[in-house]
Amino acid sequence: MFFMDSKNLFKKAAELIKSSQKTMVLTGAGISTESGIPDFRSPGTGLWENMDPTEVLSTKVLFNSPEEFYRVGFKILSSMRNAEPNEAHYILSEMEKEGIIAGVITQNIDNLHQKAGSKKVYEVHGNTREGSCLRCGEKVSFELLEEKVAKEEIPPRCDRCGGMLRPDVVLFGDPMPHAFDLALKEVQESDLLIVIGSSLVVAPVNFLPGMVDGLIIINATETPYDYKADVVIREKASYALRNIWNLIKS
């Protein structure tokens, strides 16, 4: 790991990215804080400092207390949908367009990478665009879930079969989606991973940094993989990416 001032860290990161044969990016909640979405674990500001996620956004609550899930947990999910991408999201989209990165793996469910124009996005924790019927599998829009909840249809029911609807978000207790298998393959084929805004404590996504030779971490707080990283940058995502991207283009 390199201990340098920010200017030299940006330079080192840019050099690693330019020399990489295939670079993937892994993003966590920290990339979206500048869009007004609270992250989950930062001291003093983390969303889970005030509530237990396993008691709010879990399959246990969804199945055993669906009313509680839709009155508390669902509101958290719904609140993320009004956010807009910030500079960091747009830079990653531009980097993908220019062939500098191969794609983005995200732990986020806020859809901001797609809003910013990123094409190859692996949403390993699901999304807030769709929902599904637990009985017949019918796909519905997240907007329909919101409409039903707003009309006090709690839990919301499938118009086709009457089964309970749920958002297509990976809850605590859910298996990982197919997107994770695809993301895993991408990382195994890469020689560099850029981690942005993730504390790297949530399994199994936190295994990914150990599968590549090159590692850049941009995060506000320490991670368990700092010791392995070639570069660790303690700056806001947009500021760090702006400087790195300018160096790559120069």
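Keep in mind that glycine also has a Cβ here, set from the backbone N, Cα and C atoms.
Quick look at what Swiss-Prot lists:
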type     : residues                                                                           : note
DOMAIN   : 4-250                                                                              : domain 'Deacetylase sirtuin-type'
BINDING  : Ala29, Thr33, Phe40, Arg41, Gln107, Ile109, Asp110, His125, Ser198, Ser199, Asn219 : NAD(+) binding site
BINDING  : Phe40, Ile109, Asp110                                                              : nicotinamide binding site
ACT_SITE : His125                                                                             : active site, proton acceptor
BINDING  : Cys133, Cys136, Cys158, Cys161                                                     : Zn(2+) binding site
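Mean pLDDT of the predicted structure over the domain 'Deacetylase sirtuin-type' (4-250): 94. Other Cβ atoms within 10 Å of the Cβ of Gln107 (NAD(+) binding site) number 22 in total over all chains. Using the Cβ center of Cys133, Cys136, Cys158, Cys161 for Zn(2+), the list of other same-chain residues with Cβ within 8 Å runs, in sequence order, Leu134, Arg135, Gly137, Glu138, Asp159, Arg160, Gly162, Gly163, Leu165. In this structure, the binding-site residues Ser198, Asn219 were compared by how many other Cβ atoms lie within 10 Å of their Cβ, and the smallest count belongs to Asn219. Cys161 (Zn(2+) binding site) sits 32 Å from Gln107 (NAD(+) binding site), taking the CA atoms of both as reference points. Note: the CA-CA distance between Asn219 (NAD(+) binding site) and the residue listed as 'active site, proton acceptor' rounds to 19 Å. The recorded positions recorded for this entry are His125, Cys133, Cys136, Cys158, and the Cα of His125 lies nearest to that of Gln107 (NAD(+) binding site).
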